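To start, the structure under review is shown below, and the notes come after it.
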């Protein structure tokens, strides 16, 4: 593969206050759990085709924001717009079918299913998901045809992430890093427009981290996918994301490219407790 | 290593159909040996009786275990209201098919043909199953268990209720018969008519070796049930080995992930629950209602737990395992000990009246009283045996006999398609 680190920041210049052609817009998002306000009026946009980073100290509300965007939690207030349409409070399956998918902070493989079953589950609109079609002899031809196509694509995807040798292994037997790769392979099979990655590199060794980032850049370049990335590793965010959103105490503290963020006093303060 | 392991290794090498047929045939063989051992001159009739009864039991439990496997083994839907859904199917069929001019004191029905009744029973069980699933789908998994067990008891109490024993709607009288139950034309009668009609030469031949007509009819019915099992297996194998089945497995593993991958899991869960309940309703008529009579006592919650035991032994998540588990449970653990207790006696030793006298014999190094006591009380003690087997399986082989197998949920082979270059050719 070509060097991935050349890709960022040479794309369209994105400034903190005006994003051209936003794919995802979050406006005044609010989520309360009982008396606790986890997200407090977060507002930001993600440009189409970008690799945007979302950072913030622990408890800043990043994961809750993710959960509200992807329909796992229903937001208490605010609006989420995807591809020009409001998706506020829609269930996860509707969002996935519209092209907005996510991975989980702790990889959630379907452990008693094989790797290839995991991957073949993902594509949307499979004809064989209808009982009648899967059972009735006359209608089953379409199912077989579709299954064959899905299987072939699954093998290609597994090869892309270099986990094809594990195809028939139960997903529960995979190592932590392999599970992260499997999650990526799985969301990719849904043919998404945008992928939300919740700490995809946590607990991943440097070699695998390199591999994962390489894949992300390749998918951006070649398929025009949009990524929103939550990550704790500052270097990864700074080196890979052309646009960075910093959250603190449930709202957006700062936005901009790596240089802007690095030199922002408030960001340093939020991370280091004002001791700089 | 353990006996279960060696059994499993041997089971693994057989194709599924051969495995099931071989397993059932060996249970038949055990029954035959028992009949020859205790039957004397009457052995043929005794064998037909044993084999007929054990086949009906195995068939009934196999259908139920397959249905539960779809709901619990595949999808993780914890249905502990099996008895209730069986009752819905059985009672619907009974009401639809009971004669309009019954014998004195019995409840009239709608007098429809049996096949209409069977379809009606399955549809009604599916509808009630769907209703039970609806409120629970908004809640977490455990609540479904509570809702189903409540539903099952409500159903049993409703059919037991005198107020519905005989009612009249638009001038058509029908009812559940309340606590006394309801009689209808059963599938067993159909089998009996069939074997005594078309199968007359077989009946004659069987009577030649001493097999009585009713025993032969029962055996015919058992085989008929096995055909229903085969059909159910075929349908369920197709359902589970498909993209639909893949979603079901995914729901069992992690529902949130499944939703995040674009699957409307509620629709899958409702459909699955309805299909399973329809099958349970069918088993309710064909198994519990085999004699052409159903009453509320036949649908106590114990049967629900028997089906769970059968599925746990066989291996939840495997259709073949469901049948093997049902056969093991009903044939070897439930039926065989009871027949052994009835027919085996220890020469002169009389069974002591209670366990203390039985154990006391051990003091004078005489194990016979205890042995005799065990045999004479075996139909009670078999429940201890079932418990011991369950504990052993859960501790040592939590996957059951076949649950460890990987039965991929797909309609095609999952191997890498051959890409011409360097690929070996399949011969």
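Cβ from N, Cα, C; glycine included.
Remote same-chain partners of the transmembrane segment (B:17-40), defined as residues 6 or more beyond its termini with a Cβ less than 8 Å from a stretch Cβ, comprise 11, 46-47, 49-51, 54-55, 58, 226, 320, 323-324, 327, 331-332, 336, 339-340, 343-344. For B:17-40 (among others), the entry in TrEMBL reads transmembrane segment.
Residues or ranges marked as transmembrane segment by TrEMBL: B:46-70 (among others). Long-range neighbours of the transmembrane segment (B:46-70) within the same chain, counting only residues 6 or more positions beyond its ends whose Cβ lies under 8 Å from a Cβ of the stretch, are 24, 27-28, 31-32, 34-36, 38-39, 79, 82, 86, 206, 211-212, 215-216, 218-219, 221-223, 225-226, 228-229, 232-233, 236, 239-240, 248, 272, 275-277, 279-280, 282-283, 286-288, 290, 303, 306-308, 310-311, 314, 316-319, 321-323, 325-327, 329-331, 334-336, 339.
Among the features that TrEMBL reports, transmembrane segment is placed at B:77-98 (among others). Sequence-distant neighbours of the transmembrane segment (B:77-98) (same chain, 6+ residues past either end, Cβ-Cβ under 8 Å): 64, 67-68, 71, 106-114, 116-118, 120-125, 128-129, 132-133, 141-142, 144-145, 147-156, 159, 174-176, 182-185, 269, 272-273, 276-278, 280-285, 287-289, 294, 296, 298-305, 307-308.
Residues or ranges marked as transmembrane segment by TrEMBL: B:110-134 (among others).
The feature transmembrane segment is assigned by TrEMBL to B:219-236 (among others). With a threshold of 8 Å between CB atoms, the same-chain residues lying at least 6 positions outside the transmembrane segment (B:219-236) that come near it are 24, 48, 51-56, 58-60, 62-63, 66-67, 69-70, 187-188, 191-192, 194-195, 199, 279, 282, 286-287, 290, 319, 323.
What TrEMBL lists as transmembrane segment is B:273-291 (among others).
A Cβ distance under 8 Å defines the sequence-distant neighbours of the transmembrane segment (B:303-336), meaning residues of its chain 6+ beyond its ends; these are 11, 16, 19-20, 23-24, 27, 30-31, 34, 53-54, 57-58, 60-62, 64-66, 68-69, 72-74, 80-83, 86, 149, 152, 229, 233, 236-237, 240, 249, 288, 382, 385-386, 389-390, 393-394, 399-405, 407. TrEMBL lists B:303-336 (among others) with the feature transmembrane segment.
Marked as transmembrane segment by TrEMBL: B:370-394 (among others). Nonlocal intrachain contacts for the transmembrane segment (B:370-394), taken as residues 6+ away from its ends with a CB within less than 8 angstroms of a stretch CB, comprise 4, 309, 312-313, 329, 333-334, 337-338, 340-342, 344-346, 349-352, 355, 357-359, 361-362, 400.
The region 'Disordered' feature in TrEMBL is assigned to B:405-427.
What TrEMBL lists as compositional bias 'Polar residues' is B:408-419.
Listed as Cβ neighbours of the compositional bias 'Polar residues' (B:408-419) (distance under 8 Å, sequence separation of 6 or more from its ends, same chain) are residues 240-243, 245-246, 248-249, 425-426.
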